[in-house]
Amino acid sequence: MEFSFDINQLFPERVSILDQTIVAGPKSALRPDLQAHIATVIDELGRASAKAQQLPAAITSASKLQSQRHQLYLLKDGESNGGRGVVVGFLKVGYKKLFLLDRQGEHVEAEPLCVLDFYIAENMQRHGYGLELFDFMLQHKNLEPVLMAYDRPSPKFLSFLAKHYCLTPSVPQANNFVVYEGFFLNRSAAQLRKVPLKKPDGEIKPYSLMTREVVRQEERARPWPFAPPHSPQRSGSSQCSHSLSVESSPSRTPPQAAPASSPGSNRDQRPQSPLIERCRIRRTR
Ligand code: ACO
């Protein structure tokens, strides 16, 4: 994604981490014109991501980033565009309090790090940039992808997670978040709290207020673009290394969680766990 201004001046590092303060890198006072350029980049990325996901409104913008406690990882290619650099994409994460269903269907309260938005420029997709950005975030957070929750992942993203991190199948949820089997296995009791059932199932509100819901209310837009009634629903059970074939940008169909199968092993929680290593080996091959 090209801009009329110098991307390298705004973002000195290949991956920059932006938060509420918006400023990349050391929290020094930045010239107002540069601040404005950073805001333009974030707004542009947010719009492009929403378009790619067929969302009614952007869920990422400079003003939203300033008002929410999220972190945005921005990847650039500093050499392109005559040395001025181009923006390759971004990944936005944040903690959310969620009510989830474990494999036994019991309600569990957790506050995992969630992937909220993820976008690589159209002409740069499927070149490994998404993986580079995602791996950077995992290293930065010292986290394994199975311990994260995914806010309504698109078919491309589900395929990405299955291919690179062997994340499949997911544990069925009543809300828009997707979690995988190891999520419940690899957490200490302190991080997961069983929620007592006081009301009949039908009355339980299983999820917290989500960014996407807020956007929907803000924009008073049409309901989420669920797939037309006759569209085939995604199974969500893609095999590791077998990606889904999505030719064009996906319609934002709610992910259909696959039925839980055999429980995952109790894995090391570091990014270099055997599972990820296996995926990496497959990737390299
Ligand atoms: N169709 C199917 N799978 C795809 C596609 C596609 N068009 N594009 C990427 N993938 C998946 C595949 O598993 C692919 O492996 P393959 O080429 O062997 O089939 C793998 O991703 C490629 O890995 P990377 O090159 O590292 O991924 P990329 O740089 O393309 O980034 C991303 C992945 C972010 C999903 C990108 O494709 C994208 O921006 N898509 C459009 C926006 C989107 O759907 N974002 C996710 C929103 S959901 C959320 O944020 C919670």
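The backbone N, Cα and C atoms fix where each Cβ goes, and this holds for glycine too.
What TrEMBL records for 118-131, 154-163 is acetyl-CoA binding site. Among the features that TrEMBL reports, domain 'N-acetyltransferase' is placed at 1-184. Annotated region 'Disordered' per TrEMBL: 223-285, in sequence order. What TrEMBL records for Q53 is site 'Crucial for catalytic activity'.
A separation of roughly 17 Å, to the nearest angstrom, links the Cα atoms of L161 (acetyl-CoA binding site) and Q53 (site 'Crucial for catalytic activity'). According to DSSP, G130 (acetyl-CoA binding site) is assigned to a helical segment.
Annotation note: M124 (acetyl-CoA binding site) sits in a helical segment as assigned by DSSP. On a Cα basis, Q53 (site 'Crucial for catalytic activity') lies 10 Å away from P155 (acetyl-CoA binding site).
Contact annotation for binding-site residues (A121, L158, L161) versus ligand 1: none, no CB falling under 6 Å from a ligand atom.
F118 (acetyl-CoA binding site) is 10 Å away from Q53 (site 'Crucial for catalytic activity') when you measure Cα to Cα.
Ranking the binding-site residues A121, M124, L158 by C-beta neighbours within 10 Å puts L158 at the top.
The Cβ of F118 (acetyl-CoA binding site) has S49, G89, F90, L91, K92, G130, L133, F134, F157 as same-chain neighbours under 8 Å, each 6 or more residues away in sequence.
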